[in-house]
Structure formats: C-alpha cells, structure tokens
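Asker: Could you have a look at this structure, given as structure tokens, before my questions?
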Amino acid sequence: MNKNSKIYIAGHRGLVGSAIVKNLTTKGYTNLVYRTHKELDLLSQVDVENFFKTEQPEYVILAAAKVGGIVANNTYRADFIYENLQIQNNVIHNAYKYEVKKLLFLGSTCIYPKMAQQPMPEDCLLTSPLEYTNEPYAISKIAGIKMCESYNLQYGTNFISVMPTNLYGPNDNFDLEKSHVLPALIRKIHCAKLLNEKKYDEVIKDLNVNSIEVAKTYLESFGVNENSVEIWGSGKPRREFLYSEDMADACVFLLENRDFKDTYEKDSKEVINTHINIGTGVDISIKELALLIQEVVGFKGVFTFNDTKPDGTMVKLTDPSKLHGLGWKHKVELKDGVRAMYKWYLVGKL
Ligand SMILES: NC(=O)C1=CN([C@@H]2O[C@H](COP(=O)(O)OP(=O)(O)OC[C@H]3O[C@@H](n4cnc5c(N)ncnc54)[C@H](OP(=O)(O)O)[C@@H]3O)[C@@H](O)[C@H]2O)C=CC1
Ligand SMILES: C[C@H]1O[C@H](OP(=O)(O)OP(=O)(O)OC[C@H]2O[C@@H](n3cnc4c(=O)[nH]c(N)nc43)[C@H](O)[C@@H]2O)[C@@H](O)[C@@H](O)C1=O
C-alpha cells in the first residue's frame, strides 16, 4: 500500500470510519474514497457493483454496518441480520470481482459463545451457543468472517477479518435508546448534572427540545433526574472498551503490514481461524464504568438499576495475543479515553 493507493472507507462518518479517515489522513494517504449513506446505499446490489466498476478501489475498509446497543440489537433483530448480511455480501463480493488488493472486514467479539472461555481466543468461535440479545447481528458477522475466509481460500483474495471489542469515541451514537452503554451513560450523567445545576438552557440544547418540561419528561423516561441516573440491568456485566482512535490505528496497521496468510491458523482438529481480535485485554463492570464516568463528568447524584433491561453476556473479554504477536498494542487507557470523549461531546454540544 502506498500513499497514493485508492482506499475506499465504507461508513466513513461513523465512530470507527471517521477515526480511520483521520488516521489515514494523518499518515499522509491522499487518495481516499467515500460515499455517504444517501449517496450510496450499500443494501443495493446494483449500486454497489456500479460503484466498484466506476471507482476501482485498490483497498477497502468495511466499517459500514447496522450497529447499536443491546436493546437495539434485541428489538430490531430482523434489520440487524438482513442489513448486515446484505452490506457484507455486496461489498465483499464486489471487492473480489473488481480485484481489490486487500479488504478489511469489521466484525465484533459478540461472535463468540455466551459461555466462552475467558479471555476469548479466536479459536473459541462456533464452539457453543451465542448470547440471545444480539444473535442475529453475531450470525451476520460470523457469515462475514467465513465469507472472507472462503474467498481467500477459493479465489486467492487477501481479505482480513478483525473482531473488535466494545468501542467508544468521537462521532459515537448518543441516542439513549439505541446506543451502546458508554455513550449512553456519558449523556445521561451529563444531563443529570446539568439538571442538578439548574442549567436548563443547556439541557434543552442537548436534547434539541422546546422546553425544560419536555426535556425533564424525556429524561425521566430513561430514569434520569437531577439526583439519579438509571443503569440498565444489574450493573454486574463486565465489558472491555477500546478507544476508536486505537481501533483505527490497529486497522491501518493490519492493512499496511499484514496479509491474510499472517492471520491464518489451523489447529490439529482442522479448525481454521483467520480472524483477529482487537482489544485491550482489560475489562470493567458496568457499575465501575458508571462510577468512572461520574467522576469525569463531575455528577454528585446516585445510580439506580433497572432489572427489566437485559444484562446480556456477563463477561466478554478478548484475548488479544494474536494481535500483539503481529506487532500492535493499544495506547489509550479507559479513563483517558473517556475524558477525551467527554471533552469532544462538550465541544460538539455547547
Ligand atoms: N461501536 C462498537 O462498539 C463496535 C462496532 N463494531 C463494528 O465496527 C464497525 C463500525 O461500527 P461503528 O463505527 O460503531 O458504527 P456507526 O453506526 O458509528 O457507523 C456505521 C456507518 O455505516 C453507515 N451505514 C449503515 N448502513 C448503511 C447502508 N445501508 N449504506 C451505506 N452506509 C451505511 C452509517 O451511515 P448512516 O449513519 O448514515 O446510516 C454509518 O456511517 C461495524 O462493522 C460494527 O459492527 C464492532 C464491535 C463494537
Ligand atoms: C459492541 C457490542 O454491543 C452490544 O452488546 P453489549 O456489549 O451488551 O452492548 P451495550 O453497550 O448496549 O450494553 C453493555 C451492558 O451495559 C448495560 N447498560 C447499562 N446502562 C445502559 C444504557 O444506558 N445503555 C446501554 N446500551 N447499555 C446499558 C447493558 O444492559 C449491558 O449489560 C451488541 O449488541 C453488539 O452491538 C456488540 O457487538
């Protein structure tokens, strides 16, 4: 890959895609190609094929997907499986057809079984049942890994699959119903703090509503008021968080330095693993995460727990040794990442 190589970043306005664009630009890559969702709907087979035919990208990073937190995954089950399968099929197949030199497919560590050994190495894929709340999404991601692997084995393509842990950072989704836990808690705790300090104009602006009464009613429906913030589930599940800029750096590192053959592992039972975990190898409980965010935001109230919401998998910690062995390790620790993200949130919102 050289600095003029034509690189298509699918999903360039999302959490990961935007960090990848920033990383590539900083490293001097000048020939980046992207389309907004409106300009190119990746669900359309015809439009995706026309795009590849016209643009002929040399490298592809597939960071476009239907993404959401535990409740979104559990609620919009059909959309999550259909859209993700369709996007992957269209992009991966056309990358093969139009002779893309290398493609990076982004999966997720939710591909691993609910009761997987901890930490989870790549070879625990498909060893027992999945977590129910995000099973449709996980199955689409497993199909993506197997698609990349199969095209590599049959057609000699150079497609790499990476399985990131839970991610967070600038351009995250802060929608209280559909987002992941970290952005949701930042926003809930931030709004509770503003209510507590009676900074009503800022609450109204944050929620983009007309009055403080509407804002309070909306926040109350998510268990947020001036004294307390609701945490979904028991607060006991443990999660591992990676800053989006580290994730982007790992993706660019693999694109620049590694090929499919470097990712290939075949064990004595003829099990093939061609995907790579991307994580920190460190986890934290959701309650501990809430306390950390509380400290960063400076909120003085308490937390309540809503046991009508799902906990999901109790532990999912990646084993990142394969990635470490290939020569990459994360740089941003959780507290620093949360501080940076909250700073970004404040600049964007105020
Ligand atoms: N966020 C996380 O914690 C994790 C993410 N991942 C994976 O990383 C990848 C990136 O996720 P993330 O950046 O968080 O997701 P985001 O939701 O932030 O970004 C996804 C991007 O894909 C675009 N997109 C979605 N559907 C289509 C479509 N039909 N046509 C064109 N563009 C589309 C979205 O555009 P628009 O917004 O306009 O729809 C958006 O820009 C995904 O594969 C995800 O599964 C894996 C593990 C954890
Ligand atoms: C990255 C990964 O993300 C999803 O899996 P998840 O890790 O379970 O997602 P989550 O971030 O939404 O929740 C993590 C934990 O946190 C708890 N929790 C508390 N309070 C809030 C809260 O306010 N919002 C949310 N979303 N969760 C909360 C929540 O109950 C759960 O116990 C996959 O579907 C799939 O998309 C995937 O790959």
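Each residue's number is its place along the chain shown, starting with 1.
Positions of Cβ are set from backbone N, Cα and C atoms, glycine also.
Keep in mind that TrEMBL annotations are predicted by a computer and have not been checked by a curator.
Residues annotated as domain 'NAD-dependent epimerase/dehydratase' in TrEMBL: 7-264. Feature annotation from TrEMBL assigns NADP(+) binding site to 11-17, 106-109, K141, 164-167, H180. The site 'Important for catalytic activity' annotation in TrEMBL covers S108, C110. Residues or ranges marked as active site, proton donor/acceptor in TrEMBL: Y137. Here TrEMBL flags K188, W232, R239, D311 as substrate binding site.
Describe the structural surroundings of these features, if you would.
Answerer: Taking the Cβ of S108 (NADP(+) binding site) as reference, residues of its chain lying under 8 Å away and at least six apart in sequence are, in sequence order, Y137, A138, K141, M163, P164.
In the three-state DSSP scheme, S108 (NADP(+) binding site) is classed as coil.
The Cβ neighbour count for K188 (substrate binding site), using a 10 Å radius over every protein chain in view, is 25.
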Asker: Including all protein chains displayed, how many Cβ atoms other than that of W232 (substrate binding site) lie within 10 Å of its Cβ?
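Answerer: Summing over all protein chains shown, W232 (substrate binding site) has 23 other Cβ atoms within 10 Å.
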Asker: Could you check which of the recorded positions (G11, G14, G17, C110, L167) sits closest to D311 (substrate binding site), going Cα to Cα?
Answerer: C110
Asker: If you count Cβ atoms within 10 Å of the Cβ of G14 (NADP(+) binding site), leaving out that atom itself, what do you get?
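Answerer: A 10 Å sphere around the Cβ of G14 (NADP(+) binding site) contains 20 other Cβ atoms.
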Asker: Record lists K188, W232, R239, D311 as binding substrate; longest Cα-Cα distance in Å?
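Answerer: Per the listed residues, the maximum Cα distance equals 19 Å.
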Asker: Could you list, ordered by sequence, which of these recorded positions: Y137, K188, W232, R239, D311, have a Cβ under 6 Å from ligand 1?
Answerer: none
Asker: Out of G11, G14, L167, D311, which binding-site residues lie by ligand 2, with a C-beta less than 6 Å from some atom of it?
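Answerer: Checking each Cβ against ligand 2, the ones under 6 Å are D311.
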Asker: Rounded to a whole angstrom, what is the C-alpha distance between K188 (substrate binding site) and G11 (NADP(+) binding site)?
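Answerer: Approximately 26 Å lies between the Cα of K188 (substrate binding site) and that of G11 (NADP(+) binding site).
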